[in-house]
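Taken verbatim from Swiss-Prot:
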REPEAT    77-98  repeat 'LRR 2'
REPEAT    150-171  repeat 'LRR 5'
DOMAIN    255-306  domain 'LRRCT'
REGION    307-377  region 'Disordered'
REGION    401-424  region 'Disordered'
């Protein structure tokens with residue numbers, strides 16, 4: 001049984017742990033515990049606000065005017081950081097050094113960022129979602145995704161990327177979604193997607209693709225969705241798509257397809273394909289212009305002899321002169337860098353490799369993160385609804401990470417739970433309550 005007077009000490013202890021006595025949350029921000037969350041979104045901050053608690057796990061700083069990030073701005077306890085739609089132009093290479101708990105990092109819609117150091121994301125062993133869309137990136141340095149074995153969602157859409165070197169994604173053995181649409185890619189080499197053995201969705205539409213190596217998709221045995229529409233492709237060999245044994249949704253429309261003899265292998269592959277595909281409208285020859293390649297007959301290829309197009313079959317090595325010649329037709333939006341260093345390791349021999357079919361990412365608050373962002377990628381796919389949409393519903397497609405539309409106006413629905421702490425601009429709000437409790441304690445004595 002408690003002493004009669006001990007209730008005073010007990011009340012004071014509870015008060016000290018629960019009331020905001022003049023600090024603990026940055027000015028103009030909202031904070032709440034379990035997990036410790038700081039929301040400073042849309043407050044016109046030009047720099048990271050001071051006073052972010054050291055134990056903060058979730059930090060929301062989107063829709064401000066922050067210009068740079070450096071070491072010391074955040075604590076390694078951080079699990080989630082949303083800092084999209086700011087004015088970030090520079091991220092110090094060691095900004096996230098030691099952040100072994102970080103799982104979700106949204107840097108999207110910082111249109112003046114343009115370049116990243118190779119070591120920017122080094123050591124983020126638990127990172128499972130990385131957003132780099134609309135960042136003005138023209139190139140990605142070799143090794144930038146090295147060691148990110150837990151990464152599942154990578155958003156690189158709507159940048160100015162012209163070229164991706166072989167093995168740029170080789171360490172991403174658990175990646176399931178790769179969004180590269182809305183860039184300026186004009187070719188896909190043999191080793192670009194090497195090692196992506198768990199990739200489920202690959203979006204490459206609205207680039208400038210003219211050429212795809214016939215082994216570009218060699219490792220993508222689990223891919224279910226491939227979008228290649230609105231590019232500059234004229235041909236694509238059936239051998240290129242043959243490894244995609246799990247493919248369900250394919251979009252090839254919006255290209256100037258040559259439906260002559262060079263299209264025979266693609267036509268044969270499409271005849272065998274049992275998934276849903278868009279139309280493949282012919283641009284040439286003139287007599288087939290406007291026809292759907294899928295609907296051509298055997299008789300249309302009866303006079304075709306010899307091997308399929310050597311343009312796609314040969315092992316094509318992109319030389320510096322090749323790239324320079326291509327860039328004359330597609331001016332760069334920034335200096336592209338080719339720093340590829342093929343690793344040469346089979347998927348099973350790389351450190352951190354996990355067997356296909358397992359979701360190996362383990363983190364503390366997956367349900368919360370997924371709930372906050374549910375509905376994003378469904379919107380993405382509906383935005384580019386294929387002309388075969390009547391054959392299936394996007395609502396029954398596998399659950400996946402969403403994409404935000406437009407200006408990235410996602411706002412965190414902060415509802416003040418018990419223990420909410422609102423930063424104050426003057427006198428501590430707990431003082432009157434403290435006086436009342438002390439008076440009650442004296443009365444009880």
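Glycine is treated like the rest: Cβ placed from N, Cα and C.
Source: prediction; values computed, not measured.
Look at the repeat 'LRR 5' (150-171): DSSP puts its residues at 0 helix, 3 strand, 19 coil. Counting residue by residue with DSSP, the repeat 'LRR 2' (77-98) contains 0 helix, 5 strand, 17 coil. For the repeat 'LRR 5' (150-171), the model gives a mean pLDDT of 98. Across the domain 'LRRCT' (255-306), DSSP classifies residues as 22 helix, 9 strand, 21 coil.
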